[in-house]
Amino acid sequence: PQGIGSPSVYHAVIVIFLEFFAWGLLTAPTLVVLHETFPKHTFLMNGLIQGVKGLLSFLSAPLIGALSDVWGRKSFLLLTVFFTCAPIPLMKISPWWYFAVISVSGVFAVTFSVVFAYVADITQEHERSMAYGLVSATFAASLVTSPAIGAYLGRAYGDSLVVVLATAIALLDICFILVAVPESLPEKMRPASWGAPISWEQADPFASLKKVGQDSIVLLICITVFLSYLPEAGQYSSFFLYLRQIMGFSSESVAAFIAVLGILSIIAQTIVLSLLMRSIGNKNTILLGLGFQILQLAWYGFGSEPWMMWAAGAVAAMSSITFPAVSALVSRTADADQQGVVQGMITGIRGLCNGLGPALYGFIFYIFHVELNELPMPESPSGGSVVAQYHLQQNSIIPGPPFLFGACSVLLALLVALFIPEHTNLNLRSSNWKKHCGSHGHPHSPQAPGEAKEPLLQDTNV
């Protein structure tokens, strides 16, 4: 077998770190290039680009997952990393092509799905949560450090150096996969699977969503996830651009904001989450997280000063406990042999939100004319640019309309979540699940049917 040593979690960790470190370096340059390329409709175009990418990822993830069961993980790790990083050198060559290729690269922007399938191949069930946690923490660590490094290098040596460095790291990642990463799918499984047919159900991105209405409790959980993650997905796509262009943050301030928010989120999702789960229970932890998310989005929406954004960012870190708590509730709600099916539904809904959220936010920004018609001027003594301060005076009542829409959406999610029972009778529910849900694992997958879609859940847990 090609590669160095036997397959391990550390191979997956290095692949993830290098890919997202390369993209993290480009955080500040991307915001500048985006505004220079689309000066009149910055937020609308950003929403469309990220929305197309998210929808393509949602549509392609099941097919790529099924094909990796047949042809092995290594080839698809190479494919996803290559196409995800392909737009990087185009930033300085042709910005228009850069954003066009980013949109199309969504077809292959599912590295996490393949990485977690890789981890699932080489770990026992009781080791898997810790292995997923290690990969997720590596992702967070890469984004805590890289935006700040990229902003510093861009200020000191220019953005061209940052693009060259990011391209070099992406090439290093590709070479690492080619040379060092061994195939994780057992050899005895692969010869039998060559040429195995891929059913439409395996490749159908809506297959998991079709089962949502078959159980009332899971339906409530799915509605809660949709209403709470839709604004979160939109916020991730546009918030750093909003800080840079509307709130007047410098590149260094945006990088520092990402770092602080990442560190606080890691603390919230580990120490704080475990304390809350033990003290107030699963459902109340979800309700508390949704409450923090409402407060955070409302604060973003009405905030007109940089310090307000920092304060709301601390609240945003606390709101990150919601999805891990939902995942735990789902795992307790479904029967043991239906974990993959139910978790696949949640993953499908979040994947759909990754496409709809950015487009919706961009459209709302466009409707409310939240745009800048020129690049930010030098910073004023108070820390915000003159252009940004003038803009906020013109729209001082609601500086960030999409964030208020998001707060209303999460409020609906909170009301729905109130009806989710804390405890359910699994014995009564298991026959229901077995009646409606068959095994959807690939016939040649090394995982058990209930684990088939488990790695995909973790894709959005990051």
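For all residues, glycine too, the Cβ spot is worked out from N, Cα and C.
Annotation comment: TrEMBL describes 8-425 as domain 'Major facilitator superfamily (MFS) profile'. Annotation comment: TrEMBL describes 12-35, 47-68, 75-91, 97-119, 131-154, 160-181, 217-234, 254-277, 284-302, 308-330, 351-368, 403-420 as transmembrane segment. Taken from TrEMBL, the feature region 'Disordered' applies to 437-462.
Between the transmembrane segment (284-302) and the transmembrane segment (217-234), three or more CB pairs separated by 6 or more residues in sequence fall under 8 Å, so the two stretches touch.
Outside the transmembrane segment (217-234), and at least 6 residues removed from its termini, the chain residues within Cβ reach (under 8 Å) are 47, 54, 286, 290, 293, 297, 322-323, 326, 329-330, 333-334, 342, 345-346, 349-350, 352-354, 356-358, 360-361, 402-403, 405-407, 409-410, 412-413, 416-417, 419-421, 424, 429, 460. Within its own chain, the transmembrane segment (403-420) has Cβ neighbours under 8 Å at 217, 220-221, 223-228, 230-232, 234-235, 283, 286-287, 290-291, 293-294, 297-298, 300-302, 329, 360-361, 364, counting only residues six or more beyond its boundaries. In this chain, the transmembrane segment (131-154) lies apart from the transmembrane segment (308-330): fewer than three C-beta pairs between them fall below 8 angstroms, excluding pairs fewer than 6 positions apart. Same-chain neighbours of the transmembrane segment (254-277): 27-28, 31, 137, 140, 143-145, 147-148, 150-152, 240, 243-244, 284-285, 288, 309-310, 313-314, 316-318, 320-321, 324-325, 328, counting only residues six or more beyond its ends whose CB sits under 8 Å from a CB of the stretch.
The transmembrane segment (160-181) and the transmembrane segment (351-368) are not in contact, since fewer than 3 Cβ pairs between them lie under 8 Å (pairs 6 or more apart in sequence).
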